Structure formats: structure tokens, C-alpha cells
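J.: I'd like to ask you about the structure that follows.
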Amino acid sequence: MKKLNGKVVDEEELEELEEEKEKVVETYSNGVGVSFGFPQPDQNLVVGYALTVKKETSFLKPNFRGLARTKGIKFVCIDVNRPLSDQGPFDVVLHKDYRHKHPEVTVLDPPDAIQHLRNRKSMLQGVVDLNLSDCHGKVGVPRQIVVTKDPSSIPYEVTKAGLKLPLVAKPLLVDGTAKSHKLFVAYDQLSLAELEPPLVLQEFVNHGGIVFKVYIVGESITVVKRFSLPNHGKRDLSKVAGMYPVPRVSSYLSSAEDADLDPSIAEHPPRPLLEKLATELRRRLGLRLFNIDMIREHGTRDVFYVIDINYFPGKYICFH
């Protein structure tokens, strides 16, 4: 644990959030802000915010504020004990209730739409029936089931659904806590009964140990590579049993950008595919600020899976 500005902050979270700050301003200055109805970069942009202590600490660091000021962007903390109408004026408000009293304000992402990404069952629903076959690739979702009942029933439910081991176990709800991001890989039927519902069980897809994190801010798309779990062969599976935690792949330390990788693994998904996927998900989710975790099925060039979608991720977004 560390103290930052007098607040106790998880050291791992600080490390993971360090890399992305300059991206916010760069995207704005590249014109993404204009598509949101923001003023041009040579004008002052005032952003009023009402964030949790954790989000403020990780997102609005002094060096980031300084960089924003050089681009004409000023962040102002909203006093929640005073009427918002007495504060500002603001060009952008990071607050979920202001829009009800001020319909003239542009709302980037309605809170109602954000709620869909807080449940790992509903978050991927928009990907299931997408038809992107004419965009240089195919995108799907790994086979999965949702378990909400007694852990002892999990082995039966897995067999009934025809899922193949290993399985990635993810908490069903994404509420911003560390627990909601703790994932496990189960390698045998016995270990399945040790899991704690409610959760999602997702078939593990071999993907060459690389995950593509696709950050979407309005019309802008940025892709970065992260190291992930290695492939599992049949021989490997015969030697492994039990359940193991999954390291967090979003960390800057897991970056694979400069790694010497096989081009068939390291090549980014085709741009036309990403643009079509982003367009469809923006429309279906009703969101403009989110991140897609995407993998390429090992041994293929154009078969991809979306394994997670996160809102307002603190790992790279920031208006790149």
C-alpha cells in the first residue's frame, strides 16, 4: 500500500494506471473531442468531475492535470454539497445526475447504458449475434454459462452445457472492487466445486499468450498488446489439476508491445474489423468510452473472441 496525496492507495493499481494519462489529452488534441461536441483545442475546456477517491487518485494525477492545462483543458472538482447550477460553467460534467436537470448538456454515456457492463452475462450479449464476416475476420464469444446456485452443482452444469476444460471462472458482477477482477482457471471437474457463485464459466481458448486491449473513445480506436495465459495442449492438461488464479494482464508490466513475437500471434486485428466492431458496439451498448479485451484463436489469422468489455478503463484510455 502507498499514500498519495494523503490517501491510501493500492500499489498495484497505481502501477497499472501510470501508463495511460497522456493518452486523454492526445486524443482530444487529435480531434476526437470535436466529435463529442467539445470546443476546439485553442479554446478553454472546463471539465467538472465528481469521482470516487479511488478514481480521482488514479486518474487525475498532478502531472496529468499539468499536461491537460497545456492543451487548454481544466479539471474542476464539483462540490457535491452545493447545487451544480451554482458551479461552473462546465463544458463537460463527469456526473450521472446533472443531465436530468440540464437536458441541453451533451451526455457521453448514460448511466443506464453503463449498467450493462457491470454484469458479465449482459456485457457480451451484444457480440453474440454480430455478423462481421465481410470485415476481414470473424468475432465471437467463447462458450460460457452463468452459475448462480450451489457450487456443488457446477460440475453437473458444466457437463450438461458440454463445456470443455480448462475453464476461466469470472465473478458475474463487475462492481469496481478487487474481488470482481479476480479470475481463476479450473483444470478439472473436482476443482469446479470450489468456486463461489455467482460467476461466469468461460471456455479457455488458446490464443498464443497475447490479449489485445482495444480502447474506444468516440471514433478513436487504440490497440495495445498484453501478455496473457499460455496455450494449453492436451498433454499439458493431463499433467495439470486444480484451480489457479489468473495474473492481471492489464498491468503495464505485462506489456507485449516491444516483445519479439511470432508475427502470426502479434499482428493486430485488421483495422476494418475493429472499426466495424467498434461501430456496432457503440450503437448496441449506447456507449462511447469503453475497452474490449480481444484474443485471436491460435492457429488462425482471422478468428477472434471478445472475452471482456470494460467501461471507462483506467489502463490506457484517456482520449488517445
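Placement of Cβ uses the backbone N, Cα and C atoms for every residue, glycine included.
The domain 'Inositol-tetrakisphosphate 1-kinase N-terminal' annotation in TrEMBL covers 46-114. Feature annotation from TrEMBL assigns 1D-myo-inositol 1,3,4-trisphosphate binding site to Lys55, Lys96, His181, Lys213, Asn310, Gly314. The feature ATP binding site is assigned by TrEMBL to Arg120, Lys170, 202-213, Ser228. The domain 'Inositol 1,3,4-trisphosphate 5/6-kinase ATP-grasp' annotation in TrEMBL covers 136-314. According to TrEMBL, the Mg(2+) 1 binding site annotation covers Asp293, Asp308. Annotation source TrEMBL lists Mg(2+) 2 binding site at Asp308, Asn310.
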J.: Average the pLDDT scores across the domain 'Inositol-tetrakisphosphate 1-kinase N-terminal' (46-114) and report the rounded value.
T.: 80
J.: Per DSSP, what is the residue count of the domain 'Inositol-tetrakisphosphate 1-kinase N-terminal' (46-114) in each of helix, strand and coil?
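T.: For the domain 'Inositol-tetrakisphosphate 1-kinase N-terminal' (46-114), the helix, strand and coil counts are 27 helix, 12 strand, 30 coil.
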J.: If you measure from the CA of Phe212 (ATP binding site) out to 10 Å, which binding-site residues from the list Lys55, His181, Asp308, Asn310 are inside that radius?
T.: none
J.: Go through Gln202, Asn206, Ser228, Asn310, our binding-site residues, and report the one whose Cβ sees the most other Cβ atoms within 10 Å.
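T.: Max Cβ neighbours within 10 Å, all protein chains included: Gln202.
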J.: Counting across all protein chains shown, how many other Cβ atoms sit within 10 Å of the Cβ of Arg120 (ATP binding site)?
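T.: Excluding its own Cβ, the number within 10 Å is 22.
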J.: Could you tell me which of these binding-site residues, Lys55, His181, Lys213, has the greatest number of Cβ atoms within 10 Å of its own Cβ?
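T.: Result of the Cβ crowding comparison: Lys213.
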J.: Comparing the binding-site residues Phe204, Phe212, which residue's C-beta has the most other C-beta atoms within 10 angstroms in this structure?
T.: Phe212
J.: Just to be sure I understand the packing, how many Cβ atoms besides its own are within 10 Å of the Cβ of Asp293 (Mg(2+) 1 binding site)?
T.: 19
